[in-house]
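Engineer: Handing you this structure, nothing more for now.
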Number of protein chains: 2
Amino acid sequence: MTGRENLWMRPDRPARGPRPAFSRARLTEVAIRIADAEGLDAISMRRLATEIGAGTMSLYRYVSSKDDVIELMIDAVVADYLPPDAVMTGDWRADLRGFAVGVRQTMLRHPWVAPLVGTRQQPSPNRVRMLDAALRMVDDLGMSFNEMLTVIGTVFAYVNGFVEAELAEAEALRRTGLDLMEWMTLQVPYLQSVVASGSYPMVARMLTEGGQDYVDVGDRFDFGLDRLLDGIAARLPHASG
Amino acid sequence: MTGRENLWMRPDRPARGPRPAFSRARLTEVAIRIADAEGLDAISMRRLATEIGAGTMSLYRYVSSKDDVIELMIDAVVADYLPPDAVMTGDWRADLRGFAVGVRQTMLRHPWVAPLVGTRQQPSPNRVRMLDAALRMVDDLGMSFNEMLTVIGTVFAYVNGFVEAELAEAEALRRTGLDLMEWMTLQVPYLQSVVASGSYPMVARMLTEGGQDYVDVGDRFDFGLDRLLDGIAARLPHASG
DNA sequence: TGAAACCACGTACGACGTACCCAGTTTCTA
DNA sequence: TAGAAACTGGGTACGTCGTACGTGGTTTCA
């Protein structure tokens, strides 16, 4: 891996030389396991290498940089945005909703992926696959192709933004190494001083009545998603589904 | 700055000792300037220190870690989510829309902030201020407090997700150090091979008709935002404004 | 007039990504 | 069948990072 070529356009097996000791698939699998358990910054080339049982620099035979490892990880996870048994009903709204729910569930299983995929739009096999599937869901609805792209992009923006926020607190705990109790102990005095100032009545209400009729995170996700789909449906050229 | 206390609860000026050579405000300002111009990874404690004209370790008198610097940067930028001359018309929909547009514009001016603020939900002065302002926009609409929180969270999730995606390509260029031409040269052959496979007809269409009736990014943002607000408006307990 | 509380900052440590190099292995070619 | 070509694994080393720690100077209070 000497640098410039595209990560996704390499032959599986080189023509000459000894057979490789491992594979990019193995590398990806190990990296995902570490990131799931300990977060993205637990991933270093040295750590990956020892976990695989190889020398650090050997990884660079399979990948031209750490960035490539990240790309491999993203692509692998994106593969199950749509589970293999997902069916397209032909009802665009149900299909798109199922897709969004699947994306969220996958992102919750791999908490490091949402921030990455939100900020990296490089094409990769599974991202291409998912984009194609999503576009097929809104085909034949009387929209222009760019309108279809806009709709898909809108839904995905919402899902990504929501899940990032959803994971933010857990990530803060991981980043600081604190447990929930310690973290609260740090934030509460400040919030109390905010409330005491009297300048932020709504935030004050949040701290007092916020816990009252608690709304489940999944329900909040569904609410926003359904409102978005409502709004889109109302603007469709002709009512289909 | 010895570690555990909350960043936002320190006295402005210590009681004893010589007067500080600079300030957290100065530190924040320099950090934001660097990040705006060269991206977030251009920020290192050494770089900040030399730019300020101080010793590297002196920064730790003002801040207990690099993470605190990041928090200061975020809070400073969040301050102009709502420009100082922004008016609350009393029309919840117009106000919320103006807020969302303001957030996007601020995020575009500071391309590093969207990914950070999406994944960090720690309270800070300006974040609290913005949250309070947003909640006031949807007050008196007959919703419970948690419903209000859900609505605000939904809009913000969309804005954040959209802007992250919007900035993704530019960020990829910065990350790799390539210019647009070089980057295209790298992606195009792969995309051509994808199209040639015949398995992804929609992506193929994207490459051929995608550029035809080009939709402005701002218009796409507005579209999603307006559909979301449509959907929310339709579910409001009673029609007010 | 100490002593306490603060300040600036040099040195040093462990971790990181990766450029470069060399020796060994497989396969194609003559 | 010899040897060149194309690959392999991986050790060493460089520059960068965040920051723990300590030393010595300055200001303010008791």
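Including glycine, each Cβ sits where the backbone N, Cα and C put it.
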Engineer: Which range, B:44-63, B:84-103, B:164-183, does TrEMBL list as DNA-binding region?
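Structural biologist: Within the set B:44-63, B:84-103, B:164-183, TrEMBL attaches DNA-binding region to B:44-63.
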Engineer: Over the domain 'HTH tetR-type' (B:21-81), what is the model's average pLDDT?
Structural biologist: 97
Engineer: Over the span of the DNA-binding region (B:44-63), count residues by DSSP class, listing helix, strand and coil in order.
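Structural biologist: Counting residues per DSSP class in the DNA-binding region (B:44-63), I get 14 helix, 0 strand, 6 coil.
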